[in-house]
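Asks: Okay, so Swiss-Prot annotates it like this:
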COMPBIAS  40-52  compositional bias 'Low complexity'
COMPBIAS  96-132  compositional bias 'Low complexity'
COMPBIAS  152-165  compositional bias 'Low complexity'
COMPBIAS  187-201  compositional bias 'Low complexity'
DOMAIN    1005-1043  domain 'LRRCT'
REGION    1-269  region 'Disordered'
REGION    282-329  region 'Disordered'
REGION    377-417  region 'Disordered'
REPEAT    627-646  repeat 'LRR 2'
REPEAT    647-668  repeat 'LRR 3'
REPEAT    669-690  repeat 'LRR 4'
REPEAT    691-712  repeat 'LRR 5'
REPEAT    713-734  repeat 'LRR 6'
REPEAT    736-757  repeat 'LRR 7'
REPEAT    758-779  repeat 'LRR 8'
REPEAT    780-801  repeat 'LRR 9'
REPEAT    802-822  repeat 'LRR 10'
REPEAT    868-889  repeat 'LRR 12'
REPEAT    892-913  repeat 'LRR 13'
REPEAT    940-962  repeat 'LRR 15'
């Protein structure tokens, strides 16, 4: 399908033809909307001529219009780049054209027409396309020799030229009329008087003339274009000749070089361009690796700078247009020269950068020697450009030519210019003076490119050393800070940690002699130090970490401006503390891994036991296990509870290193606290635990209970084994206290004990009490233990509802009247004053357990039946026979202890059918037969102890007091003669070891006698489980049972 010509395509594919000087349209400027060209060609079949070269928009009556392949007329870049080039079609068809009969004549054309056309096109900044390429004989190797022999004759060409001239005038007239009506087509005029005739090689079926420019897809370089233009000039017509022949078709003398084109198009460092773009996006300022056209950023300070900048940009564009694609060798050579210029400018600028106070010859020599060698690398354009950018100083407004601006970096501004027009970097120097750069108490320093507090003038030079420290540092190592022009000299000093770039810089490890630095700076205040420290987050050290550098090299002095070693940097103690925190956290993680290997469950742990793990800190536990409610820390070395989760309700910290300095203020949810066996001297640290319900502070160094007496929610308090001497509850707020354990102290007197109205358990064993009085009855008291004191008298009426009363080891002249205690169940009255007279005890009817051992003269009044008695202990009371009231008044007795008396006959025990345990240690039982008859009646007997009797005196070792005390029925649950809760060795184990050693010394006869004794007892008591301190095995009992049957 035939396509229509568009104005945009015609303006790009055709150029206006020159006209004669007498033409009517000679004064009209050329346009690009419509093009009117004249062509004189003849068809081979008919020989008639038609009007060609005049095209109008919307005309379909021109069958010979050349058809163009178009993809998008308005977007020349989107054309089919794979289509056959017009140049190839022209030369291919010209070789097949049938030439005229006459030989050609060479008539050069006038140079004025071509020159005028070229100047007209170049004035708008764009070269027009060349139309109607004339073909003339040439020595070009691309043109065949047959075409040279068959050229058009001059007479024949002259005739056709005259006809074409007439048709051109008619076409121009018609074109003007169409332009007046439709305003679409416009005649194309030129300054020359002659028109260019078409070549005989161009036929209607051919494609259009060569399109030299195709937008951004130009396949020819500027060098080829210049060569082609000069060829056209050389083949143009000479002045003064009115008849001329078709010029020879010229081609460039050199064919297109594929290698040259690739070099000119592929020498760009695309990888470096990508790095630069990404660096800009990250906020960094990398050095420019490309040496192409530089687009300078416009300043916003005034209209004059904008106009100058526009002129500079136009000049740069025009100059770069002559050589837009330099060769690879030229670019490398240009980079080398610019690198040398930058290095030279560095040393030239060093003389003017430092102030007079620091620009001595020694200072310059020192800075030159200390400059890193990598900055003087001439062959590397990247490092050279970086050095030039770091050591350049701000200059005045740029007013030189574009060539000097682009080529000379010594006079260039220190601002980083962009390689892309759409990526202009705006530096703080571009900000106008009118813009407010203050924010609160901070203001932006335009020179040093940082924020600072108001009132600090960074424009003025100042020294960071004080007068006192001036003698400690070397005069040549003085650190000055003037303005931006001195930055590059300070950066060359390897000991200076000042930032060399706005964002980051590499700090190289240098082997420099260590010198002293000032201890304090002029701005050594706590407000600036954290802000300055945050700016050093991107320091990169080689072969040495940042912490090692500051702990070792900069420990005694800091060369960093605004920072001293005591205020800004971390001290060694801080680093040690941080290290210890890390170790503690790792210990917690390791312990948690042992307890619960699956880490996601750590946050769900409610109960945690990490006893005896050698822990000394709990730092990190609250972050790892935030839901813990019950924590056991027994047997560790914890001194502080920092790191404990605030959700803890039950804390067991027994046997640690807690002291009065330990704070519990963060554990407000504590309800149950056990801090026994620690080093507390007072309880003031627990005053904030308002939710505390139970508190155990046993085995500490407490002197009083001050600090917790206002905790009205406290229910249980245990402060045994401390150093408490006086105790007063006068102003106490412990109204809800139910259990108070104060044993093993040095309490002499207790005031206002009756203020604890809800008290149910009172334990005052092993103290120095002489009296215990209550101002009012304590009706809720159930258990009272006052053993091992010096009490002479006790009014039991003050405690009417007592159920347990322990009064051992006191100095009572007379026993208390326990008949009034109707609810008394357990009564212990062991070991009273030996000077006391005969005691007569009248227990209540509901009594169950009576402990009356170790009293010289004690008598039990049993006029009534005591059906509730289950346990009776009458050891060491000098009994010669078993009392008869035991069998008659206490028929439900389960345990009877009559040890260490003078009993030889137990005949009165036959009625006790319910007895389970019988202790007769240390009596005078001799007859085996009578014993076996009585034991046979005790069907429920399980435990029997007959040691230290004449019956078995030589077959058992002697029983120690401690063994007897805990093995017999008269055992005392608590050691009376010793303070504290020190556990004794198991008496059962002691007896077994002693018995085994004694058995090894027995002769065979005594071993046989011992065996016969055991068999006889087991025959009498078949259900016996424990005999004389040893367990009876089931095999032995079965053997005895079998033998008895």
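The backbone N, Cα and C atoms fix where each Cβ goes, and this holds for glycine too.
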Asks: Which whole number is the mean pLDDT over the repeat 'LRR 5' (691-712)?
Replies: 95
Asks: How about long-range neighbours of the repeat 'LRR 13' (892-913): same chain, 6 or more residues beyond its ends, C-beta under 8 Å?
Replies: 853, 867-884, 886, 919-926, 930-931, 934, 937-940, 945, 964, 968-970
Asks: Report, as numbers and ranges, which residues of the same chain sit near the repeat 'LRR 7' (736-757): CB under 8 Å and 6 or more residues beyond its ends.
Replies: 712-730, 763-780, 785, 798, 979-980
Asks: Give the nonlocal contacts of the repeat 'LRR 10' (802-822) in its own chain as ranges (CB under 8 Å, at least six residues past its ends).
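Replies: Residues 765, 781-794, 796, 828-833, 836, 839-844, 846-847, 851, 972, 976 contact the repeat 'LRR 10' (802-822) from elsewhere in the chain.
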Asks: Tally of helix, strand and coil residues over the repeat 'LRR 9' (780-801) according to DSSP?
Replies: 3 helix, 3 strand, 16 coil
